[in-house]
Amino acid sequence: MSSSMLPDVVRRHLQMYLVLGSANCLAEPGWVVQEALAGGATMIQFREKGRDALTGAPRIELARRLQDQCRRAGVPFIVNDDVELALELDADGVHIGQDDESAASVRARIGNRMLGVSAHTIEEARCAILQGADYLGVGPIYPTISKDDAHAVQGSAILHEMRKAGIHVPIVGIGGITKDRVEEVIHAGADGIAVISAVTRAERIRAAVEELKKKVILSI
Ligand code: 3NM
């Protein structure tokens with residue numbers, strides 16, 4: 001079972017989904033999140049991963065601070081790959097990859113919170129849905145500089161294929177998405193875009209989010 005959240009509500013949260021950790025940010029992460037929220041980010045995922053990632057208390061402290069900002073903006077806060085942290089913070093949801101704990105087990109632990117699962121094939125997508133995913137993250141659609149262990153680039157064709165195969169759950173495209181690629185991703189079947197670098201490395205974060213979101217909405 002998925003959560004009680006209606007798919008159309010989930011779809012709206014996926015429109016301009018910012019994924020980030022401190023290692024992705026050129027500026028202070030709290031400032032990046034504040035600007036992204038001001039620009040209309042529809043959901044935020046805390047993904048504190050990689051070589052320079054925070055650990056222990058500083059990691060939890062940062063998560064709490066970003067979550068607090070999201071709460072004040074009324075935007076869901078999702079924790080990547082850490083059910084314990086999500087439960088400790090009372091986060092709105094969890095996002096997991098294929099190498100993490102099974103989706104069924106995460107669903108059992110998080111109750112009605114939102115569950116996102118990364119899926120690279122139709123088989124993985126079907127399995128995630130059966131195990132209770134509320135949405136799928138599908139990628140990498142384009143080459144990415146933000147994930148060292150990313151799968152081979154799939155192109156937007158994977159989105160088309162999933163929709164053609166009868167997968168109707170909310171899907172967010174991820175991997176190398178920039179403002180010039182939004183239309184292709186949405187037309188291929190995604191409900192929204194998940195981005196790291198297009199926002200965290202933008203010179204003007206608020207304006208970048210506004211532009212990406214506008215392009216998503218115009219392409220739907
Ligand atoms: N997951 P950027 S690609 C976190 O394919 C992540 O599942 C991916 O960052 C997947 O927008 C990716 O900078 C990195 O390319 C996305």
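Glycine is no exception: its Cβ is also placed from the backbone N, Cα and C atoms.
Remember, predicted model here, so these are calculated numbers, not experimental data.
Going through Ser4, Ser105, Ser118 against TrEMBL, the one listed in the 4-amino-2-methyl-5-(diphosphooxymethyl)pyrimidine site together with Gln45, Phe46, Arg47, Glu48, Lys49, Asn80, Lys147 turns out to be Ser118. The binding-site residues listed here are Glu48, Asp81, Asp100; among them, Glu48 has the most other Cβ atoms within 10 Å of its own Cβ. A separation of roughly 15 Å, to the nearest angstrom, links the Cα atoms of Asp100 (Mg(2+) binding site) and Lys147 (4-amino-2-methyl-5-(diphosphooxymethyl)pyrimidine binding site). Largest Cα-to-Cα span within the 4-amino-2-methyl-5-(diphosphooxymethyl)pyrimidine-binding set Gln45, Phe46, Arg47, Glu48, Lys49, Asn80, Ser118, Lys147: 17 Å.
Mean pLDDT for the domain 'Thiamine phosphate synthase/TenI' (17-199) in this predicted model: 97.
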